[in-house]
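For reference, the structure discussed in these notes is given below.
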Amino acid sequence: MDLLRSHLHKVRIPEPGSRIHKDECCVSFDTPRSEGGLYVDMTSFLGFGREHVAWNYEKSGNPVYLHIVQRRKPEPDDEADRPLKKPTLLAIGVEGGFTDQEPEYDEAFEIVILPEFTSLPFPSIDLPEKVRIAVDKVILAESADRKQQLASWVADKKKVSAHAMDLKQLDNGVIVPPTGWKCSKCDKTENLWLNLTDGMILCGRRLWDGSGGNNHAIEHYEQTKYPLAVKLGTITADLEAADVFSYPEDDSVEDPLLAQHLSHFGIDFSSLQKTEMTTAERELDHNTNYDWNRIQESGKDAELLYGPGYTGLVNLGNSYFEKQSLKAAFAIAPADPTLDLNMQMTKLAHGMLSGKYSVPNQEGQEGIHPRMFKTVIAAKHPEFSSMRQQDALDFFLHLIDQVDQANTGNHELNPFTGFKFIIEERLQCPSGKVSYNKRSDYILSLNIPLHEATNKEQLEAFHEKKAAMDLDGKEVSNEEIVRPRVPLEACLASFSGAEEVPEFYSTALNSKTTAIKTAGFKTFPDYLVLQMRKFVMEAGWVPKKLDVPDIIDISHMRSKGIQPGEELLPEGASGDNKAEPVHPVASEDIVSQLASMGFNYLHCQKAAISTSNTGVEEAMNWLLSHMDDPDINDPISKDSQAAEQTVDETSVQTLVSFGFQEDVARKALAASGGNIERATDWIFSHPEASSSVPTDSSTSNMEDDDAHIPDGSGRYKLMAFVSHMGTSTHCGHYVAHVLKDGRWVIFNDSKVAASVDLPKDMGYLYFFQRI
């Protein structure tokens, strides 16, 4: 006790804003449930595992710690057999939502004084009052990790519709029967919506995979502007659970007068039974029962794996380790290592590769929770700091950028140096003169050339069958869908093949013309990352399948640079003409494909123009994110086209940080609906957007800046791939497969197991290692 009193000046009483790390060690993934418990520094309120607390004492000199140990309570016999209650709300820890399903733990505390690990019991009336107050506040306080998690897990509560209270209902004599409903314009008998103004029963929207309705309900709104509809089959005595949708508000809403609005059409809601899922329940069902068994290898009797390199990551909603030890990273970290990227990257690598946290437990393995890493890496990014799911490619590029900034000039410590490569593009205009541009990148984004599919006969037969079933009002089951199979070699050939570049300004001709572009590798990286553009446009938006070999040789894709006899395009002649404003016209091909899906023709035109006719997928993504724009129905004019080019400054700066020029970044974002990933793709596919730079004038700078970029053989072996399941890369689920110790392993959140049925043909990102 005297020793503790001699250190009272080192004990701090937490204030309301203090960040208290009592859930996890700041340099490892030890928690109060780990074998040695967790030690909370009573000066800095940082947490440390048993192996690491002495490091903190050596570095800070802080001697007083609160030692927290949690041990699992045995479950009652009847608890293990009790079925889990199915959630009805997309929320966590609230009534009707997901339960944490956490077992209960006994918690014990003691005061520990370093360096001898002298312990004193807590609670105890013999402790100094300052210590008792400080420890009580630490125990009762919300931890820093918990505060971070409390970011909006609960889905937004439905708002009362602005159209509900004064909804106009026509006295047209329509009486809706209690059963036997059918769409008024087709034979659909499911996914039916009752318009609450005129009583029309119409089918819902067509979904990405061709299922759902035929868009008759939304088309009816576009023609009549009658705003509210309720989904038949969701109406029961519990009217709050009914699915009411507002078309002008483009959201599920609450209608306080729903009973009155239903009675207008003779509906006695008290006698109706629930026969369909609401929109929220369908979304929840996708979150709790992923319908992507192949990618997750569901139902396979897989051998669970444990040990170094087989550690799972606990889902959060949305080679540092070899270069330095944990202790070295902690020694050079700032006062708060929880906010240091280098420390948290090293901690994450240690957690995944050491095997310390990959041990069997009752649930398989506990895995690790990379919360501190997420907090640091997402600190300056509004999307990644939210609980919303993000595209894995967007995150990969953001991670590279953050690590690069943290290790400016220190390529030895930067693990992503091995991923970097240089692409050289050659442009030739009709004058015969050429220009060469170089750019560095970390990923190669590939289109899927459907015309190269190897199963064309099966595809044609499937389309004929689907067309016949559509006429009969029947739907094709998932098992019957035939997806195009495209060789990876065809995707690579599509990248390096000749491509026309319209509207290219030739400084030799002093006019715009069509140039021919080819591209190749100036350098081959140690690790090659291929991104397969997720969806290809077919009837029903059918995802592709790829034939991916274990070994690829892309040596033939090396760029040869300027050749003898070639003449470079002159620089800057009459370059002012490039600034001449051009008002694009919507591609009729893109517009017709979107319109065939049931979208408004004017909206389709705006989507095509706003994405510079880049493609149907880009236009579709723009359309889905701008459906509720107040001017979406305004006629297209030159002024409105100019207005739509306004871009978010944060996105501009993000692209600039990737190394693109600011004016090019603005053009790309304007053409891509503000989406950073699509803007990056746009830049790579529109080299004319940036000024042509002759090889001889740029080589020296490129060599000075990128002398560290690796190069070598163009032969690679497949070492990992990431698969995505869902209608968009911003929703759904990601699963990774990694080749380790000669066998393929599936990493599905905290589940790590030997792969049984490798879904190599369904990847989104492929990782190859140089042979």
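Any Cβ shown, glycine's included, is placed from N, Cα and C.
Where the annotation comes from TrEMBL, it is an automatic prediction and has not been curated.
For Cys183 (Zn(2+) binding site), the number of other Cβ atoms no farther than 10 Å from its own Cβ, over all displayed protein chains, is 22. Taken from TrEMBL, the feature Zn(2+) binding site covers Cys183, Cys186, Cys203, His216.
For the domain 'UBP-type' (159-269), residue counts in helix, strand and coil come to 19 helix, 22 strand, 70 coil, using DSSP. Summarising the annotation, TrEMBL assigns domain 'UBP-type' to 159-269.
Residues or ranges marked as domain 'USP' in TrEMBL: 311-771. Mean model confidence of the domain 'USP' (311-771) amounts to 77 (pLDDT, 0 to 100 scale).
Sequence annotations record features per position, and here TrEMBL assigns domain 'UBA' to 585-626 (among others).
Positions annotated as domain 'UBA' by TrEMBL: 646-686 (among others).
The Cβ neighbour count for His216 (Zn(2+) binding site), using a 10 Å radius and every protein chain shown, is 23. Look at the binding-site residues Cys186, Cys203 and count other Cβ atoms within 10 Å of each Cβ; Cys186 has the fewest. Each residue in Ser184, Lys185, Asp187, Lys188, Leu192, Leu202, Gly213, Asn214, Ala217 lies on the same chain as Cys183, Cys186, Cys203, His216 and has a C-beta within 8 Å of the C-beta centroid of that Zn(2+) site, without being one of the site residues.
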